[in-house]
Amino acid sequence: MPAIVEKVLRAGEGRVVKRLHRVAEQVNALESDFEAMNDEELRGETVRFRERLAAGETLDDLLPEAFAVVREAARRTLGQRHFDVQLMGGAALHQGNIAEMRTGEGKTLVATLPAYLNALSGKGVHVITVNDFLAEYQSELMGRVYRFLGLTSACILSRMRPDERREAYAADITYGTNNEFGFDYLRDNMAWSTAEMVQRGHNFAIVDEVDSILIDEARTPLIISGPSDSPTKWYGEFAKIARRLTVDVDYEVDEKKRTIGILEAGIEKVEDLLGIENLYESVNTPLIGFLNNAVKAKELFKRDKDYVVSPNDEVLIVDEHTGRILAGRRYNEGMHQAIEAKEGVPIQNENQTLATITLQNFFRMYDKLAGMTGTAMTEAAEFHQTYKLGVVPIPTNRPAVRVDQPDLVYKNEQAKFAAVVEDIAEHHAAGQPVLVGTTSVEKSEYLSTLLTKAGVEHTVLNAKQHEREASIVAMAGRKGAVTVATNMAGRGTDIILGGNAEFLAVQAMRDKGLDPDETPEDYEAAWPEVLEQAQASVKAEHDEVRDLGGLYVLGTERHESRRIDNQLRGRSGRQGDPGESRFYLSLTDDLMRLFNAALVESFLTRTGIPEDVPIESKMVSRAIQSAQGQVEGRNFEIRKNVLKYDDVLNRQREVIYAERRKVLEGEDLHLQIRHFIDDVVTAYVTEATARGFGEDWDLDELFEALRSLYPVSVTPEEVVEAAGGRGNLTVERLLEEMRADAQACYDAREQELGETVVRDLERRVVLSVLDRKWREHLYEMDYLQEGIGLRAMAQRDPLVEYQREGYQLFGAMTEAIKEESVGYLFSLQVQPAAQAGAAATPPGFGAPPVRQQLQYSAPTAEGDVEVHAGDAAATDADTGNRAQRRANQRQQREV
């Protein structure tokens, strides 16, 4: 089905490209006009553009002139002039599309065009990159263009304080990673005052490497979580038990689906080891999760592939898509603790979700979204379906001359790597730079050992050397360089033949102590000479490497996604340079073993094929394509499923966050609180009068319940007497009496404390209760989703059931917010400001919760990111029926 959709989406490609080409021609026609201007006149165009916008013109009206201004500014500040194809890419981005541009076509420079144009509105532009280094590097380099034209630019980094973040978001153009933008959104919706909030809206986002961020990383939501009180001792116990269980005897493993199942023999063995009679008895239910995680940690999570153990005994996740270490991130649902127990390192506490959103729903909040990548067309259907984004392939500035050699397939991994080492040594001896792609830290280190034995000097780039990533990649195109890398080499930094002059120049400026923000004038004055020196140092080597055939890219294994293979290939042959690529495969590679086991078995049993001779077979090539198609289809379904369930929560989140923002922005809650009182009293009375008539109702019990809510000023006898006897007492009469009594008591409360104090108390109470109840609701929704799949066994649609029960839970939460807010407002002991000499500060509501260590789950490899700041979780969740909750609330409100 996606293939058919893809064909339909590509049908109008030619017309779109022609339209974009006409835009480039319009810009070219204006070029000489802006070339003739001096710097001051060119800078003044920004003011004139803004005046024209204020007068009613649109951004589309300004596009040709604005693009021409940016092109001229880039030529003067960076020494770079936008090519026509870059103008076309910029126009595609402005129109809210994904521009598919080959590696080396200058996507970073392309982003300056729509970023400048859309920043003229004053609403801000966000440029999203894949890591902090690229965000800082691009902001620093392209910021010179923006500053020249009178705009401000900034960068959001993980180490920044809230006040620095707020200042960065106030800039016209803000660079940062998807995680930083997403977590700031969640933190803003956990803030206790508008002064703590840092973002100013979501106007226009340009996502660099858009397929990596919106596709690869979209399977796992962003989650902020805080420590829970779950015990850690069981992880160690079950790690020992898992070591005593045998695969295919006590449990079974499905590597393809990454699932495990405990068999009957295993259950009996676990029960014997624990000394219990029935593992599935309700009291033992939590132990099942510990058991499953322990076996998963043993069988499905491999050291130096899925994670590494640092020298200080910390388990660090390795990003499955990029090969980078995810510093501080942690698997959720107890998985990380199970791995820590397996490795025998200190076990850290589990976490409770405080705020969450998927990347899909975060980016769909932007008024306009656009993206750039070298590999988007294979996912055009998903981009259109999920984000309503079109994919526009932009022509290359120069014809691509890279030669993609056919795959070489060997019977086993040993023979494959022997051939790989031989091929690398041959190209290295000739002086041709070689980039070798591997799929894991383990494989990169294995190949490094083989190359060392063969006497081939090389550099390894994997999760363990991530801090040197940019410098290694930037120099990977130098003569004779051999770089062994995991997927991380596929993103961000260009591999330029002879070396990256811009990278060298930026590094040299930093070495001189020059900063574009601290010393902008000195920076601008020194830049041309430093850049010229860097360019001269690499030019001669560039020509020499070009004559040797350019960069040779060698892949040691096919990835699960065709895009990642294409990204690796795309490192070579940039800007019309020569290049070559080839993949070496074996029949025992994970992709073949898991998805085409029968074919692998048939080839392995053939005795006539020598191990050191590659297999040439169209059947093998088709099998590889089929396997990648299966994985891509499966991952697409996972992402769609994540989004379907989050859409349910997203609607609830929008309601809660909107209410929360009203409170923060100072909306008068007086009328809302009055409605709360009526609603809660109505609920109490309705529950007490659900059966029978006036003579049957237990008014004493009702009044006792109401007294736990507010100081009731009437008695049951007075109400009955006013009605003319029990027989005349109706539900409507009782409701009218009790609502009036509650409202009168609140009037007295307001008169006692003063209107100003009560308004402040209302804001603090509602905010605190809303936050706590929302956290409890997230926990309940998580719990609901965990088991909802079992409804399919009863012929029920799990999603429909999740929507139905989620709606019920949300309704119960809103009622609980009303009930607790009313109870606190009546019961909290408040010292009036006149007596205290300061603003009223009710205990527990006078300030935000104590700040504590939080966990941040990022959208890759199902991990969590740890950041040492954040709002603490409020008091524990209330449990039980309404009567039990009332008792708990009374205890909480005692001062």
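Each residue, glycine too, has its Cβ placed from N, Cα and C.
The ATP binding site feature in Swiss-Prot is assigned to GLN86, GLY104, GLU105, GLY106, LYS107, THR108, ASP494; the stated evidence is sequence analysis. The Cβ of GLY104 (ATP binding site) has ASP494, ILE496, GLY573, ARG574, GLN575, ASP577 as same-chain neighbours under 8 Å, each 6 or more residues away in sequence. In this structure, GLY104 (ATP binding site) belongs to neither helix nor strand by DSSP; it is coil.
Here Swiss-Prot flags 838-849 (among others) as compositional bias 'Low complexity'.
What Swiss-Prot lists as compositional bias 'Low complexity' is 870-882 (among others).
Residues or ranges marked as region 'Disordered' in Swiss-Prot: 838-895.
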Quick one: largest C-alpha distance among GLN86, GLY104, GLU105, GLY106, LYS107, THR108, ASP494, binding ATP per the record, in angstrom? 16
Can you count the other CB atoms that lie within 10 A of the CB of THR108 (ATP binding site)? 19
Residues near LYS107 (ATP binding site) in space but at least six apart in sequence (CB under 8 A): GLY89, ALA99, MET101, ASP208, MET372, THR373
GLU105, ASP494 as binding-site residues, winner by CB count within 10 A: GLU105
Starting from the Cβ centroid of GLN86, GLY104, GLU105, GLY106, LYS107, THR108, ASP494, the recorded ATP site, name every other residue in that chain with its Cβ within 8 Å, sequence order please. MET101, THR103, LEU109, VAL110
Would you count the other CB atoms within 10 A of the CB of GLN86 (ATP binding site), including those on all shown protein chains? 27
Excluding near sequence neighbours, so keeping only residues 6 or more apart in the same chain, what lies with its CB under 8 A of GLY106 (ATP binding site)? GLN80, HIS82, PHE83, GLN86
